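Novice: From TrEMBL, here are the annotated features:
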TRANSMEM  B:12-30  transmembrane segment
TRANSMEM  B:37-55  transmembrane segment
TRANSMEM  B:61-83  transmembrane segment
TRANSMEM  B:95-115  transmembrane segment
TRANSMEM  B:135-159  transmembrane segment
TRANSMEM  B:188-211  transmembrane segment
TRANSMEM  B:223-250  transmembrane segment
TRANSMEM  B:257-278  transmembrane segment
Amino acid sequence: MGAPHDPLLTVRGLRVVIDGLHILHGVDLDVAPSGVTALLGRNGAGKTTTVKAVLGLVPRTGGIRLAGEDLTRLPTHLVVRRGIGYVPEDRGVFGGLTVAENLRLAERDAEPAYPLVHEIFPELKRRERQVAGTLSGGQQQMVAIARTLLNANRLIIADEPTKGLAPRIVTEVADALERVASRVPVLLVEQNLALVRRTAATCAVLADGHTVHQGATAELLADEEAARRLLGVGSSRRPSPGPSPGAAPAPPTGTEVNR
Amino acid sequence: MDTVILLLCTGLGLGALYFLVASGLSLIFGLMDVLNFAHGALLSVGAYAAWWATAQAGMDFYAAVAFGTAVGTLAAVLLELALIRPLYSRPRDQILATVGVGLAVPALLMGVWGADARPFPQPSGLSGTVRVLGAVVPVNRFVLMAAALLVLLALRLFLARTRYGLIVRAGVEDRAMVTALGIDVRRAFTLVFAIGGAAAALGGALAGLYFGSVAPGQGTGLLIFAFVVVVMGGMGSVTGAAVASAGVGLVQQFANYYTAAGLGDLSVVVLLAVLLLVRPGGLTGRLA
């Protein structure tokens, strides 16, 4: 176990080759031991592959350490059992199972934290018998996030949790993420810069399969030239900062990366 | 009328046999993406083990069926652990390996017990006939139907009520996501292979009752129709496999009787083609 301010997750020289194609060329990443760390980059930069490589969902080489423990050679299920909750880009909800079954499948701890799940997502309690395939996109995202809350995870990885959601639902998901991040560190892959600005203190930026920037999110987003160069923000309009936690939320309609 | 009743019972009996093979095949393909061409061999192993137990070792019929089912289950587990598991990342090699086992096992059976069919001793209680609405129907048809219904019920209970059933249903949808929840899906693979092997071996033991004999190529012959049933029922759907099995068995029997012998097999293929044109996902269009 590292010192209190040491990164919770460290990734060094992460490489991924799939079908002879070099996807990641050496990604370095530090995830802070508290709050939200954002993983940014244009489409195709390698963000989702990085997340999948950390989890062992794609073959990888390099160094991956969670609180000092080497995860590089562990299969996915053992990586997850070390205390990582995963919200995949496509939500990964099992459409043929009910909400309750989706949650039951994710149980690892002897006493899963259902009270916490129902406190943050009371709607899931009401819909526990509903088949997940009939839920709206926002409701499915709630199920995906709720699964990570059932167990005492040390890190939650959320891959574009607001992708494809209506603005009102984006706000709900952002609120939920903030509540989650107040309990467990979060690695957030996100294209919605307003949400990133609102939640993430630190960030890393990928381009063409390697890390091109790491540092404070506010500094990066304040530097318009750097943001344009690294993230492909197409206008000089600065993204809306979004509401502060506790304030009546307006939809974080911030500029999306690479638009 | 009595001919129709007889054809109905015989068709459903044959469909029951198809279901016993196809149910495991469907789950194995749905969960593991494994096209198990060795599944017919598991049926043959069960059939010959049951035949050996009753004809050579002198066990009674029920003990022989249990023995055949146990041997088939063990063979399925060994097949998964020794051959399928090391080849998960090489699907083409995996298919070739299962085709190889599917050819090698009948050849082995032929080498040990000869190419001729061996008469399967019929227990007195199950070898007679019963009269159903005027038709004289062999009792063994109902034995097969009862066995298939019990297996269907057991599989549905397993899938609906147990944690491993939940893992299988989820794994049929998205195997990678199941592992991303911290679940070692390989255990579910072995379990599904064991269940599939048990059902196929039970089918093999009861096929001896249905056909009156066991033969080395019996499993391979039934496997072709089991694959048709799996595709028609929807990959990974046990209920779909049950409905499709009944449909295939009935179509085969009625077509063979009312047209010409052999046209039954052709009509099954036509039925499959029509169904896939209308419903590409199979009868259920959903999983497990």
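The backbone N, Cα and C atoms fix where each Cβ goes, glycine too.
TrEMBL entries are annotated by machine, without manual review.
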Novice: With a Cβ cut-off under 8 Å, give me the same-chain residues at least six positions beyond the ends of the transmembrane segment (B:61-83) that come close to it.
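Specialist: Distant contacts of the transmembrane segment (B:61-83): 24, 38, 41-43, 45-51, 53-54, 97-98, 101, 121, 123, 126, 189-190, 193-194, 196-198, 200-202, 204-206.
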Novice: Would you mind listing the long-range same-chain contacts of the transmembrane segment (B:37-55), meaning Cβ under 8 Å and 6+ residues beyond its ends?
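Specialist: Contacts of the transmembrane segment (B:37-55) (Cβ under 8 Å, skipping residues fewer than 6 from its ends): 21, 24-25, 28, 61, 63-65, 67-72, 75-76, 79, 95, 98-99, 101-102, 104-106, 109, 113, 118-121, 196-197, 200-205, 207-208, 214, 216, 218-223, 226.
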Novice: So which of B:12-30, B:95-115, B:135-159, B:188-211 is most in touch with the transmembrane segment (B:223-250), counting Cβ pairs under 8 Å?
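Specialist: So the stretch in question is B:12-30.
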